[in-house]
Amino acid sequence: MDARSDLHHYNPYRVFSRAEWASMREDTPMTLDAAEVAALRSMHDRLDLSEVEEIYLPMSRLLSIHVAAMQQLYYAQRRFLGVVERKMPFIIGVAGSVAVGKSTTARVLQALLARWSPRPTVDLVTTDGFLHPNAVLERAGLMQKKGFPESYDLPALLGFLSDIKSGRRKVKAPIYSHLTYDIVPNKFTVIDRPDILIVEGVNVLQTGRLPRDGKAVPVVSDFFDFSVYLDADEPVLRDWYVRRFLALRDTAFHDPRSYFHRYAVLSDEEATATAIAIWERTNLANLEDNILPTRPRATLILKKGADHVVDSVALRRL
């Protein structure tokens, strides 16, 4: 079967096989070595030099074209308006389901883009930091919907992106701990006018309801100049999630500080059943209701197979 056959519904996209996409790298240099690539890889994600060369280097080349075009537009509009404005950062959104490999993709892009010439400043922020603290979610009865749109402090996230896009100095982003499964009190990442900002999260392409009064209602993706959606079939995502859960049971869950410490003693059978239950109760519902419907809003869609390797790419037509 043609690799693009299951992507026919991605119109208005141009769909490329892996080989076709890889050919668009042209002379883009490889700036990472094997050890650096391994350090960027998340648990159970597959990332090697060939994946970087065939998938991410063409992305890097495409992004360099978009960034250059945006810079030209910025200077042209500045001349048109007759004003001197701060240069706005180029913002890239990375979206997709839990366990699909968003963090790996975001880190690889950050590493590659930071080595462009001249060297731009490239920062990375995850939207996990903009989740409401657990105490707030518990009071609202939303702990079982953590990661759903309603579990985020959307005004804070929109305010952060607005400050970044307007060129403000030293903008703070809250820090989230995957160990404690909660916001770290009084700890922040400081973003100081980067050239490029990568924003990674499950719902970054989420749309809002249309206003009845015609007033503008901003959404996170309004601030993006380019967006990437990591895609995989649901049974594959579930398998990856279960595998990750089992791996964490044997590692991070053994830390007494871990929110999931109680799962460290589960047998393989018990841990698998628990992971599947969490997937079906929370992650599957979020995927079907909130994440997957945003896929057609992405600039670029990377479709992964069961081996974690990208087998086709869909690029939105201009």
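Glycine is no exception: its Cβ is also placed from the backbone N, Cα and C atoms.
The Cβ neighbour count for Gly101 (ATP binding site), using a 10 Å radius and every protein chain shown, is 24. Summarising the annotation, Swiss-Prot assigns ATP binding site to Gly96, Ser97, Val98, Ala99, Val100, Gly101, Lys102, Ser103.
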List every residue in the same chain as Ser103 (ATP binding site), at least 6 positions away in sequence, whose Cβ is under 8 Å from its Cβ.
Ser42, Thr126, Glu200
Within 10 Å of each Cβ, count the other Cβ atoms, then let me know which of the binding-site residues Gly96, Ser97, Val98, Val100 comes out lowest.
Val98
Cβ atoms near Lys102 (ATP binding site) (within 10 Å, other residues, all chains):
23
I'd like the Cβ neighbour count for Ala99 (ATP binding site), meaning other Cβ atoms within 10 Å of its Cβ, all protein chains included.
25
